[in-house]
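As C-alpha cells, the structure follows; a few thoughts come after it.
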Amino acid sequence: MNRFFKLQENQTTIKTEINAGITTFLTMVYIIFVNPVILGNAGVPSGQVFMATIISALVGTLLMALLANYPIAIAPGMGLNAYFVTVVTKYGLSYSIVFGAVFIAGVIFLLLSFTSLREKLIEAIPNSLKFGITSGIGLFIAFLGLQFSGIIVDGGEAGLLTLGDLQAPNTLLSIAGLFITLILMARNVKGALFYGIVMTAIIAFFTGQLTFNGVVSMPPAPVFFEMDIAGVFTEGLYAVVFAFLLVTIFDTTGTLVGVAEQAGFMKDGKLPKAKSALMADAIATTVGSTFGSSPSTAYVESTSGVAAGGRTGLTSLVIAGLFFLSMFFSPFIQAISGVSAITAPVLIIVGCFMMEGLSRVDWKSFDEAFPSFIIILTMPLTSSIATGIAMGFITYPLLKVVSGKGKQVSWLLYVFGILFAIQLVFFPAH
Ligand SMILES: Nc1nc2[nH]cnc2c(=O)[nH]1
C-alpha cells in the first residue's frame, strides 16, 4: 500500500488518507440524492440514475486512484445534469438519444486525451470564457434549486419570475433546510451538505412530507446500454455533444489544476499525470452514459479532503469504496430523492461554490469582462449551457478584433466563434 500510493514520498499516512477520503465523500455524497431528482425531470427512472451515478463515481474515482494517484474524486457534474434535462424536455427528445450524445462526447474526450489538441484547446480558451462557463453553470443550478424549492416561481402577470408562496409546506421545508445547511457551512462542519440533507429529511419525516419503505436493500439492477446513438445524428445534436464535451473538459481541467495547486502537485505551472487524470474522467463519462448518467467531472469538493491532509490515490480509493457501500442504501436514498425540496438547498449552495472562478476574470478590461458576463447572464436565462457558451465564444473574438487585439486570439477561437454564430442563427433549436 505504502509503495503503490507512495505514502511516505507524499508525507502522509494511511490514517490521514482514510480521514481525507471520508471527508470528501461526505461533502459530495449528495449527488446520489440529487442526481435522481434532476434526471428524473427528464423521465429517467430514479433507480437507474441512482445506480448510474454510483457506477460513474466508482469507476472515475477508482481510476483516479490507480492511474493518477491523486486525491481527487469524480462524479456526474451538477449543471450538466440540469442541461441534460433541458435538452430532453425543451426539444421533446427521448432521454436515450441524449445519453447517446453523452456517450459520443465521452468517446471524443477519451480520444482527445491521447492527442495534443487537448492542451491546445485548454491553452487557447481564455480565463474569461473558462471561468465564465463554470460560474454560469453555478447560477443555472442555483436557479433550479430556487425553482424546486418554490422560492422563485413563474410570475404570470407579475413579470417573468417572482417570489413564491413562502408559507407553502415544501417551500418552508426548503427554507429551513437552506438555513440549517448554511449554518453548518459557515461553521465549517465536515460534510455540511450531507448533514444538511439528513436534517432536512428528518424535518420532512416529522411533518409528513417524507415516508420510508426501509433503509437497506440489495442494489437495484443497473440498466445497461439504453441509449440511441443513431438518434444523435438524425436529430442533429452536434451542438449538444459539443457542449457536453467542452464543459466536461474545461470543468475537469480547471478543477484538477485548482485541487493540484492546493495539494502542491503543480510543477512549473503544469500538472503532472494530467493525461491519466483526464482519462479517468473521460472513461467515467463514457461508462456512466451507458448506464444512464449525465457527464462526469472532477469534483471541486475534493478540496475538502485535500484540506484534511489527503495527498494520494488512497484517499480516492476510500471515496470509491464508500460509493460502493452506498449502493446498499437505495430505499433510504431514493425516498429522500423523491422530495425535491430536501435537496434544493444543496443546489443553491453548490451554485455559490461554482462562482469562485470569477475572481480570475479581468473585469477591468471590457473585452474580457463582457464575454464572461454574457455567458453568466444567458446560461440561466435560456436554461442552456450551450447557448451561454456560444454567446461567449462569439463576442470574445469580435471584441478583441474591434479593439485592435485580434492577433492575441488563437485561430481556434475564430473557428469556434464562426461555428457558434452559424449554429445560433440557423440551428437555434439545440
Ligand atoms: N467542478 C465541479 N464540481 C462539482 N461538484 C458538483 N458538481 C460539480 C461540477 O459540475 N463541477
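For all residues, glycine too, the Cβ spot is worked out from N, Cα and C.
TrEMBL entries are annotated by machine, without manual review.
Annotated features, as they stand in TrEMBL:
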TRANSMEM  20-42  transmembrane segment
TRANSMEM  49-73  transmembrane segment
TRANSMEM  93-117  transmembrane segment
TRANSMEM  129-148  transmembrane segment
TRANSMEM  168-186  transmembrane segment
TRANSMEM  193-216  transmembrane segment
TRANSMEM  236-260  transmembrane segment
TRANSMEM  314-333  transmembrane segment
TRANSMEM  339-358  transmembrane segment
TRANSMEM  370-399  transmembrane segment
TRANSMEM  411-429  transmembrane segment
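Simply put, out of 20-42, 93-117, 236-260, 314-333, 370-399, 370-399 has the most Cβ pairs sitting under 8 Å from the transmembrane segment (129-148). Of the Cβ pairs linking the transmembrane segment (20-42) with the transmembrane segment (168-186) and spaced 6 or more residues apart, fewer than 3 are under 8 Å, so the two regions do not touch.
Listed as Cβ neighbours of the transmembrane segment (411-429) (distance under 8 Å, sequence separation of 6 or more from its ends, same chain) are residues 91, 120-121, 124-125, 236, 238-239, 387, 389-391, 393-394, 396-398. Beyond its flanks by at least six residues, the transmembrane segment (370-399) meets 79-80, 82-83, 86, 90, 126, 128-129, 131-133, 135-137, 139-140, 143, 239-240, 242-243, 246-247, 358, 361, 406, 409, 413-414, 416-417, 420-421, 423-424, 430 of its own chain at Cβ-Cβ distances under 8 Å. Among 49-73, 168-186, 193-216, 236-260, 339-358, 236-260 has the largest number of CB pairs under 8 A with the transmembrane segment (93-117). Ranked by the number of CB pairs under 8 Å to the transmembrane segment (236-260), the listed stretches 49-73, 168-186, 193-216, 314-333, 339-358 are led by 49-73. Long-range neighbours of the transmembrane segment (49-73) within the same chain, counting only residues 6 or more positions beyond its ends whose Cβ lies under 8 Å from a Cβ of the stretch, are 5-6, 17, 20-21, 24-25, 28, 31-32, 35-36, 39-40, 219-223, 255-256, 259-260, 263, 265, 273, 276-277, 279-281, 283-285, 287-288, 291-293, 296, 298-299, 301-302, 305-306, 310-317, 319-320, 323-324, 326-327, 330, 333-334, 337. Scored on C-beta pairs under 8 angstroms, the neighbour of the transmembrane segment (339-358) with the top count among 168-186, 193-216, 314-333 is 168-186. Residues of the same chain lying 6 or more positions beyond the ends of the transmembrane segment (193-216) and with a Cβ under 8 Å from any Cβ of it are 26-30, 33, 169-170, 173-174, 176-177, 180-181, 184-185, 328-329, 331-332, 335-336, 338-339, 341-343, 345-346, 349-350.
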